[in-house]
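Trainee: The following block contains the structure, expressed as C-alpha coordinates.
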Amino acid sequence: MEEGVSIYLVSDSNVDTAENIASIAAAHFDTFIEKIKKYPYVGDKNQIEEIIMEAANDANSIIIHTMVVPELKDYLLKKAQKFGIKIVDVMGPVINAIEDSTGISPHTNLAKNNKEDYLKKIEVIEFAVKYDDGKDAMGILLADVVVIGVSRTSKTPLCMYLAHKYIKAANLPLVPEIEPPQELFEINPKKIFGLTIDPEVLVKIRKERLKSLGLDANAIYATEERVKKEIKYAEEVMKRLGCTVIDVTNKAVEETANVILNVLKGGEIS
(Lines of atoms letter the chains of each structure in order from A; the text may use other names.)
(Lines give C-alpha, C1' and ligand atoms only; values in the text may rest on other atoms or scores of the structure.)
Protein backbone atom coordinates (compact mmCIF):
# COMPACT_ATOMS: atom_id res chain seq x y z
CA MET A 1 0.00 0.00 0.00
CA GLU A 2 1.25 3.50 -0.86
CA GLU A 3 2.33 5.64 2.09
CA GLY A 4 0.26 8.78 2.72
CA VAL A 5 1.81 12.24 2.76
CA SER A 6 1.22 15.08 5.22
CA ILE A 7 1.83 18.55 3.80
CA TYR A 8 2.72 21.52 6.01
CA LEU A 9 2.33 25.01 4.52
CA VAL A 10 4.48 27.58 6.33
CA SER A 11 4.93 31.32 5.79
CA ASP A 12 5.77 34.52 7.65
CA SER A 13 3.01 36.09 5.54
CA ASN A 14 -0.13 34.35 4.28
CA VAL A 15 0.18 30.84 2.86
CA ASP A 16 -1.76 31.53 -0.35
CA THR A 17 1.18 30.98 -2.71
CA ALA A 18 2.30 27.79 -0.99
CA GLU A 19 -1.30 26.57 -0.79
CA ASN A 20 -1.95 27.14 -4.49
CA ILE A 21 1.15 25.20 -5.49
CA ALA A 22 0.43 22.42 -3.01
CA SER A 23 -3.16 22.12 -4.24
CA ILE A 24 -2.08 21.82 -7.87
CA ALA A 25 0.48 19.16 -6.97
CA ALA A 26 -1.91 17.34 -4.64
CA ALA A 27 -4.49 17.07 -7.42
CA HIS A 28 -2.21 14.51 -9.07
CA PHE A 29 -1.96 12.43 -5.89
CA ASP A 30 -5.23 13.23 -4.08
CA THR A 31 -5.75 9.67 -2.85
CA PHE A 32 -2.41 9.76 -1.02
CA ILE A 33 -2.60 13.15 0.73
CA GLU A 34 -3.43 12.43 4.36
CA LYS A 35 -3.64 16.05 5.49
CA ILE A 36 -2.67 19.61 4.64
CA LYS A 37 -1.94 21.94 7.58
CA LYS A 38 -1.50 25.70 7.27
CA TYR A 39 0.79 27.86 9.40
CA PRO A 40 0.55 31.50 8.25
CA TYR A 41 2.26 34.47 9.89
CA VAL A 42 4.97 32.48 11.62
CA GLY A 43 6.93 35.02 13.63
CA ASP A 44 9.28 33.23 15.99
CA LYS A 45 11.47 30.19 16.47
CA ASN A 46 9.12 28.65 19.02
CA GLN A 47 6.41 28.39 16.37
CA ILE A 48 8.89 26.78 14.02
CA GLU A 49 9.85 24.29 16.74
CA GLU A 50 6.20 23.31 17.16
CA ILE A 51 5.70 22.87 13.41
CA ILE A 52 8.83 20.76 13.11
CA MET A 53 7.90 18.54 16.06
CA GLU A 54 4.44 17.92 14.63
CA ALA A 55 5.82 17.22 11.16
CA ALA A 56 8.45 14.91 12.65
CA ASN A 57 5.71 12.84 14.26
CA ASP A 58 4.23 12.09 10.84
CA ALA A 59 5.75 9.15 9.03
CA ASN A 60 5.97 11.00 5.71
CA SER A 61 5.75 14.80 5.82
CA ILE A 62 6.69 17.64 3.49
CA ILE A 63 7.08 21.31 4.43
CA ILE A 64 6.29 23.81 1.67
CA HIS A 65 7.22 27.35 2.66
CA THR A 66 7.43 30.94 1.49
CA MET A 67 9.42 32.31 4.42
CA VAL A 68 11.10 35.67 3.76
CA VAL A 69 12.70 36.72 7.08
CA PRO A 70 16.26 35.29 6.71
CA GLU A 71 16.72 34.30 10.36
CA LEU A 72 13.46 32.36 10.49
CA LYS A 73 13.89 30.88 7.03
CA ASP A 74 17.35 29.53 7.88
CA TYR A 75 16.11 28.18 11.21
CA LEU A 76 13.23 26.34 9.53
CA LEU A 77 15.59 24.76 7.00
CA LYS A 78 18.10 23.77 9.69
CA LYS A 79 15.46 22.12 11.87
CA ALA A 80 13.80 20.33 8.96
CA GLN A 81 17.13 18.89 7.86
CA LYS A 82 17.92 17.81 11.43
CA PHE A 83 14.77 15.71 11.57
CA GLY A 84 15.03 14.47 8.00
CA ILE A 85 11.88 16.30 6.89
CA LYS A 86 11.53 17.10 3.19
CA ILE A 87 11.31 20.88 2.71
CA VAL A 88 10.46 22.93 -0.38
CA ASP A 89 11.29 26.63 -0.70
CA VAL A 90 8.68 27.92 -3.15
CA MET A 91 10.06 31.43 -3.62
CA GLY A 92 13.81 30.87 -3.28
CA PRO A 93 14.55 29.06 -6.57
CA VAL A 94 12.49 31.54 -8.59
CA ILE A 95 14.19 34.55 -7.01
CA ASN A 96 17.62 32.93 -7.43
CA ALA A 97 16.94 32.09 -11.09
CA ILE A 98 15.91 35.66 -11.85
CA GLU A 99 18.95 36.98 -9.99
CA ASP A 100 21.28 34.65 -11.91
CA SER A 101 19.74 35.58 -15.25
CA THR A 102 19.63 39.33 -14.71
CA GLY A 103 22.56 39.85 -12.37
CA ILE A 104 20.28 42.00 -10.22
CA SER A 105 20.21 41.48 -6.48
CA PRO A 106 16.62 40.91 -5.28
CA HIS A 107 17.11 43.19 -2.28
CA THR A 108 18.43 46.03 -4.44
CA ASN A 109 15.63 45.55 -6.91
CA LEU A 110 12.94 45.69 -4.25
CA ALA A 111 14.47 48.72 -2.63
CA LYS A 112 14.83 50.50 -5.96
CA ASN A 113 11.25 49.91 -7.05
CA ASN A 114 9.58 50.60 -3.75
CA LYS A 115 12.20 51.43 -1.15
CA GLU A 116 9.98 53.19 1.37
CA ASP A 117 7.30 50.49 1.32
CA TYR A 118 9.84 47.67 1.51
CA LEU A 119 11.81 49.16 4.39
CA LYS A 120 8.64 49.90 6.33
CA LYS A 121 7.46 46.31 5.92
CA ILE A 122 10.78 44.92 7.14
CA GLU A 123 10.78 47.35 10.08
CA VAL A 124 7.36 46.34 11.39
CA ILE A 125 8.03 42.61 10.89
CA GLU A 126 11.29 42.88 12.81
CA PHE A 127 9.44 44.84 15.50
CA ALA A 128 6.89 42.03 15.89
CA VAL A 129 9.68 39.47 16.21
CA LYS A 130 11.71 41.56 18.67
CA TYR A 131 8.81 42.32 20.99
CA ASP A 132 7.07 38.96 20.78
CA ASP A 133 5.88 37.20 23.93
CA GLY A 134 6.79 40.05 26.29
CA LYS A 135 10.54 39.76 25.60
CA ASP A 136 11.08 43.46 26.27
CA ALA A 137 8.59 45.74 28.03
CA MET A 138 9.92 48.67 26.00
CA GLY A 139 7.93 47.28 23.08
CA ILE A 140 4.72 48.11 24.94
CA LEU A 141 5.61 51.80 24.87
CA LEU A 142 6.74 51.77 21.24
CA ALA A 143 3.96 49.69 19.70
CA ASP A 144 0.96 50.89 17.74
CA VAL A 145 -0.96 47.93 19.13
CA VAL A 146 -0.36 45.71 22.16
CA VAL A 147 -2.01 42.28 22.17
CA ILE A 148 -2.47 40.51 25.51
CA GLY A 149 -3.95 37.17 26.49
CA VAL A 150 -3.23 33.74 27.89
CA SER A 151 -1.01 31.21 26.14
CA ARG A 152 -2.29 29.72 22.84
CA THR A 153 -4.66 32.50 21.82
CA SER A 154 -2.68 33.18 18.61
CA LYS A 155 -1.02 36.38 19.82
CA THR A 156 2.16 35.89 17.77
CA PRO A 157 0.58 35.11 14.37
CA LEU A 158 -1.87 37.96 14.97
CA CYS A 159 0.99 40.41 15.48
CA MET A 160 2.71 39.11 12.35
CA TYR A 161 -0.50 39.62 10.38
CA LEU A 162 -0.78 43.18 11.67
CA ALA A 163 2.87 43.75 10.74
CA HIS A 164 1.98 42.94 7.14
CA LYS A 165 -0.59 45.73 7.45
CA TYR A 166 2.24 48.08 8.52
CA ILE A 167 1.23 48.11 12.19
CA LYS A 168 3.87 47.77 14.90
CA ALA A 169 2.41 45.16 17.21
CA ALA A 170 3.84 43.76 20.45
CA ASN A 171 2.29 40.98 22.48
CA LEU A 172 2.37 39.94 26.10
CA PRO A 173 1.26 36.69 27.77
CA LEU A 174 -0.89 36.98 30.88
CA VAL A 175 -0.03 34.51 33.64
CA PRO A 176 -1.60 34.57 37.14
CA GLU A 177 1.78 34.13 38.84
CA ILE A 178 3.36 37.11 37.06
CA GLU A 179 2.22 40.71 37.48
CA PRO A 180 1.95 42.54 34.14
CA PRO A 181 4.66 45.15 33.55
CA GLN A 182 3.88 48.69 34.69
CA GLU A 183 4.31 49.92 31.11
CA LEU A 184 1.03 48.24 30.22
CA PHE A 185 -0.82 50.60 32.55
CA GLU A 186 0.97 53.69 31.26
CA ILE A 187 -0.21 53.59 27.65
CA ASN A 188 -3.55 54.51 26.09
CA PRO A 189 -5.92 51.55 26.63
CA LYS A 190 -7.24 52.09 23.11
CA LYS A 191 -3.96 50.60 21.89
CA ILE A 192 -4.46 47.42 23.91
CA PHE A 193 -6.44 44.43 22.69
CA GLY A 194 -7.17 41.56 25.04
CA LEU A 195 -7.84 38.11 23.62
CA THR A 196 -10.14 35.73 25.46
CA ILE A 197 -11.37 32.28 24.48
CA ASP A 198 -13.77 29.54 25.52
CA PRO A 199 -12.05 27.40 28.20
CA GLU A 200 -13.08 24.08 26.64
CA VAL A 201 -11.68 25.10 23.27
CA LEU A 202 -8.42 26.26 24.85
CA VAL A 203 -8.03 22.98 26.74
CA LYS A 204 -8.23 21.09 23.44
CA ILE A 205 -5.75 23.45 21.78
CA ARG A 206 -3.25 23.07 24.61
CA LYS A 207 -3.58 19.30 24.70
CA GLU A 208 -2.87 19.15 20.97
CA ARG A 209 0.16 21.34 21.44
CA LEU A 210 1.55 19.11 24.16
CA LYS A 211 0.97 16.03 22.00
CA SER A 212 2.78 17.64 19.06
CA LEU A 213 5.76 18.24 21.34
CA GLY A 214 5.71 14.67 22.58
CA LEU A 215 4.67 15.73 26.08
CA ASP A 216 1.98 14.52 28.45
CA ALA A 217 -1.37 15.91 27.24
CA ASN A 218 -2.68 15.73 30.82
CA ALA A 219 -0.12 18.16 32.21
CA ILE A 220 -1.41 20.94 34.47
CA TYR A 221 -0.94 23.43 31.60
CA ALA A 222 -3.84 21.81 29.73
CA THR A 223 -6.22 21.04 32.60
CA GLU A 224 -9.63 22.67 32.73
CA GLU A 225 -8.94 24.05 36.22
CA ARG A 226 -5.69 25.73 35.14
CA VAL A 227 -7.18 27.13 31.94
CA LYS A 228 -10.17 28.63 33.73
CA LYS A 229 -7.88 30.18 36.34
CA GLU A 230 -5.72 31.80 33.65
CA ILE A 231 -8.68 33.11 31.64
CA LYS A 232 -10.33 34.55 34.76
CA TYR A 233 -7.09 36.30 35.72
CA ALA A 234 -6.55 37.61 32.18
CA GLU A 235 -10.07 39.03 31.98
CA GLU A 236 -9.57 40.75 35.34
CA VAL A 237 -6.40 42.41 34.01
CA MET A 238 -8.24 43.48 30.85
CA LYS A 239 -11.00 45.00 32.96
CA ARG A 240 -8.44 46.94 35.01
CA LEU A 241 -6.91 48.25 31.81
CA GLY A 242 -10.23 49.15 30.22
CA CYS A 243 -9.04 47.76 26.90
CA THR A 244 -10.95 46.23 24.00
CA VAL A 245 -11.63 42.52 24.55
CA ILE A 246 -12.02 40.12 21.61
CA ASP A 247 -13.33 36.57 21.88
CA VAL A 248 -11.11 34.55 19.53
CA THR A 249 -12.97 31.26 20.00
CA ASN A 250 -13.01 29.55 16.58
CA LYS A 251 -11.81 32.76 14.93
CA ALA A 252 -9.13 32.74 12.24
CA VAL A 253 -6.19 35.10 12.73
CA GLU A 254 -7.43 37.19 9.81
CA GLU A 255 -10.84 37.65 11.45
CA THR A 256 -9.33 38.84 14.73
CA ALA A 257 -6.97 41.19 12.88
CA ASN A 258 -9.86 42.68 10.92
CA VAL A 259 -11.69 43.38 14.19
CA ILE A 260 -8.62 45.24 15.47
CA LEU A 261 -8.19 47.17 12.22
CA ASN A 262 -11.85 48.19 12.32
CA VAL A 263 -11.57 49.40 15.94
CA LEU A 264 -8.42 51.38 15.08
CA LYS A 265 -10.39 53.12 12.34
CA GLY A 266 -13.02 54.15 14.86
CA GLY A 267 -15.41 51.27 14.36
CA GLU A 268 -16.84 48.80 16.82
CA ILE A 269 -16.46 45.07 17.43
CA SER A 270 -18.84 43.23 15.13
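Glycine is no exception: its Cβ is also placed from the backbone N, Cα and C atoms.
Okay, so Swiss-Prot annotates it like this:
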- Gly149, Val150, Ser151, Arg152, Thr153, Ser154, Lys155, Thr156: ADP binding site (BINDING)
Trainee: Do any residues at least six apart in sequence from Gly149 (ADP binding site), in the same chain, have a Cβ closer than 8 Å to its Cβ, and if so which, in order?
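Mentor: Counting only residues 6 or more apart in sequence, the Cβ neighbours of Gly149 (ADP binding site) under 8 Å are Lys155, Asn171, Pro173, Leu174, Gly194, Leu195, Thr196, Ile197, Ala234, Val248.
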Trainee: Cβ within 8 Å of the ADP site centroid (Gly149, Val150, Ser151, Arg152, Thr153, Ser154, Lys155, Thr156 excluded): which residues?
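Mentor: Filtered neighbour residues, in order: Asn171, Pro173, Leu195.
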Trainee: A 10 Å Cβ contact count, applied to the binding-site residues Ser151, Thr156: which residue has the minimum?
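Mentor: Taking Ser151, Thr156 as the binding-site residues, the minimal 10 Å Cβ count falls on Ser151.
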Trainee: Mind telling me which of the binding-site residues Thr153, Ser154 has the densest Cβ neighbourhood, counting other Cβ atoms within 10 Å?
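Mentor: That would be Thr153, with the most Cβ atoms nearby.
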Trainee: Give the three-state DSSP assignment (helix, strand or coil) for Ser154 (ADP binding site).
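Mentor: Coil, per DSSP.
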Trainee: Using Cβ-Cβ distances, find the residues under 8 Å from Val150 (ADP binding site) that belong to the same chain and are at least 6 apart in sequence, listing them in sequence order.
Mentor: Pro173, Leu174, Val175, Leu195, Ile197, Leu202, Val227, Glu230, Ile231, Ala234
Trainee: 10 Å Cβ neighbour count around Lys155 (ADP binding site)?
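Mentor: Excluding its own Cβ, the number within 10 Å is 28.
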